[in-house]
């Protein structure tokens with residue numbers, strides 16, 4: 001029996017290890033953050049670069065690499081395995097003809113191909129892509145290719161960007177294609193033998209599963225990938241009979257200078273492509289190879305953002321403390337002194353104690369309020385868990401799309417929390433009566449997900465129509481619908497069922513009068529204070545919002561999730577404090593309608609985020625071109641603002657409810 005159990009155990013462990021590697025949550029990730037398991041290459045071992053979608057900072061429509069007349073690999077183009085997040089982000093990773101061998105520098109330019117004569121339609125398409133500043137994105141060992149250019153303002157400073165332009169429009173109005181690439185691969189040689197990660201992953205049955213190429217310290221890891229693109233006019237005689245990967249002498253390629261152009265785009269004229277590669281040993285070790293991509297300038301700005309948020313939190317906390325320790329105590333002392341004489345002097349009394357019989361009256365549109373709070377809890381939980389895992393390094397940039405995949409999975413699973421919160425709040429509002437909870441749970445399953453999916457579908461149809469890789473494939477679109485109906489909806493309903501079956505409910509400290517008390521006329525509408533209150537939460541996050549917007553729309557890498565996690569915690573604190581202060585102000589003027597006001601007191605920050613989105617579009621995305629890109633920007637900005645409103649509103653309502661409950665628990669009523 002023991003002999004038969006061993007192969008079974010080995011198979012189970014091997015399968016489990018493969019599954020963990022596929023999810024990129026292997027133990028290796030805990031040692032190399034961010035990153036994945038290092039691939040060791042022996043000298044002479046083949047390396048193959050891959051290509052991703054063509055992207056542009058001015059147009060938000062990614063297009064397939066082979067939509068332009070580029071050279072295809074000899075075996076044909078094949079798609080790389082992509083995750084759910086990669087597909088949602090518009091990544092389409094495919095094989096490319098750029099191949100080389102480890103540590104083998106090319107002594108001459110390597111010929112790739114000569115295309116068919118460029119048709120008028122293809123020439124117009126190339127010129128359009130050049131005008132829209134589209135970039136080619138090469139990948140080698142998951143590393144994007146990097147291009148360095150001199151800063152036009154400070155020539156001694158180098159600017160780094162990923163990818164390289166398709167071509168350039170010269171001063172004479174002619175269009176030129178970058179048809180020659182000077183590639184540099186930075187490699188690091190392992191000097192200390194087998195690393196801790198390899199030792200861990202090569203133990204027990206996993207050693208039969210993973211091949212440690214280059215064991216004993218003889219392997220090389222890729223730690224950098226750089227490019228200098230050039231537009232070169234090749235000599236027809238030199239490339240006339242050349243086949244792919246044949247070397248040839250080219251004076252133009254030897255003097256590769258990005259500022260000099262030669263390969264002009266002309267109708268009925270073929271394009272010739274070539275490349276060269278050099279390997280350079282680097283002191284950068286494999287765990288640090290992403291540092292060049294993840295460097296985000298302005299660390300002092302992030303610290304300033306946090307200090308600014310702490311000041312706001314401290315200021316509001318002082319106000320809340322004054323309310324609780326001085327004002328409320330003073331009011332309670334006055335009411336206690338009145339004692340039995342309160343009845344004959346009731347008309348002379350004023351303050352929050354007079355609305356005790358209405359403070360917990362059912363708000364208007366209670367179903368909608370419960371649904372919005374439930375969805376807000378789901379969105380807030382998704383954001384906090386995602387940012388926490390990203391801050392800990394589990395969502396590595398080496399795993400493209402991991403952040404989006406994680407957010408989607410968390411949103412689906414947290415449908416349980418949305419259903420439970422919505423129905424639990426419904427029972428609280430209804431004084432323990434759970435009748436109608438099914439309608440609340442169903443609406444929680446469809447309201448915000450339905451709005452988000454409707455906007456997503458409309459924008460996806462626009463992308464489909466334009467042939468962009470940003471459009472979600474039809475099969476994945478069906479999968480998303482199935483995940484919604486067969487994962488999110490059942491979990492939301494299960495959460496509602498669980499909340500309806502929970503015995504007991506929140507017992508209010510005071511009884512609600514049968515007839516609602518008339519609210520005195522206010523000199524200023526309370527909604528004015530609600531609108532102004534959103535400035536405080538916005539002041540907490542607007543600096544980080546700039547970096548997030550730059551990451552979303554300008555293609556910059558955002559990886560300071562530690563700062564973002566701190567800012568998120570401060571934002572929650574500010575939202576809670578703002579809502580409490582405005583709720584107390586409303587009760588003091590005998591306005592008991594605090595439910596919706598507390599929700600929007602903190603949720604009004606969404607209006608300022610929308611305003612900032614407009615500002616960002618006008619002053620930072622002025623190069624954005626085309627109505628389609630504008631529609632994408634507006635649609636996703638509206639969804640972001642709605643999600644922020646629901647999340648912050650849920651925080652504000654929860655804080656105000658706790659405050660009102662504790663406040664009236666201290667009142668002794670006859």
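Heads up, the Cβ atoms here are built off N, Cα and C, so glycines get one too.
Nobody curates TrEMBL annotations by hand; they come from automatic prediction.
The signal peptide annotation in TrEMBL covers 1-30.
Counting residues 6+ beyond its ends, the transmembrane segment (303-325) has Cβ neighbours under 8 Å at 536, 539-541, 543-544, 563, 566-567, 570-571, 573-574, 577-578, 580-581, 584 in the same chain. As annotated by TrEMBL, transmembrane segment applies to 303-325 (among others).
Per TrEMBL, transmembrane segment is recorded for 379-396 (among others).
Annotation source TrEMBL lists transmembrane segment at 402-423 (among others). Non-local neighbours of the transmembrane segment (402-423) in the same chain are 24, 83-85, 88-89, 370-371, 373-375, 377-379, 381-382, 385-386, 389-390, 395-396, 434, 437, 440-441, 443-445, 483-484, 487-500, 650; each lies 6+ residues outside the stretch with a CB under 8 Å from one of its CB atoms.
Per TrEMBL, the feature transmembrane segment maps to 444-465 (among others). With a threshold of 8 Å between CB atoms, the same-chain residues lying at least 6 positions outside the transmembrane segment (444-465) that come near it are 61, 370-372, 374-375, 379, 415, 418-419, 422-423, 471-472, 477, 480, 484, 488-489, 492-493, 496, 628, 631-632, 635-636, 638-639, 642-643, 646.
Residues or ranges marked as transmembrane segment in TrEMBL: 471-493 (among others).
The transmembrane segment annotation in TrEMBL covers 527-553 (among others). Beyond its flanks by at least six residues, the transmembrane segment (527-553) meets 60, 296, 298, 301-302, 304-305, 308-309, 312-313, 316, 560, 563-564, 567, 570-571, 574-575, 578-579, 581-582, 585, 597, 600-609, 612-613, 616, 620-621, 624, 633, 636, 648 of its own chain at Cβ-Cβ distances under 8 Å.
The transmembrane segment annotation in TrEMBL covers 559-587 (among others).
As annotated by TrEMBL, transmembrane segment applies to 599-618 (among others). Sequence-distant contacts of the transmembrane segment (599-618) (same chain, six or more residues past either end, CB-CB distance under 8 Å): 369, 372-373, 527, 529-531, 533-535, 537-538, 541-542, 545-546, 549, 553, 574-576, 578-579, 582-583, 624, 630, 633, 637-638, 640-642, 644-646, 648-653, 656.
Residues or ranges marked as transmembrane segment by TrEMBL: 638-664 (among others).
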Sequence-remote partners of the transmembrane segment (471-493) [C-beta within less than 8 Å, at least six residues beyond its ends]: 84, 87-88, 90, 408, 411-413, 415-416, 418-419, 441-442, 444-446, 449, 453, 460, 463-464
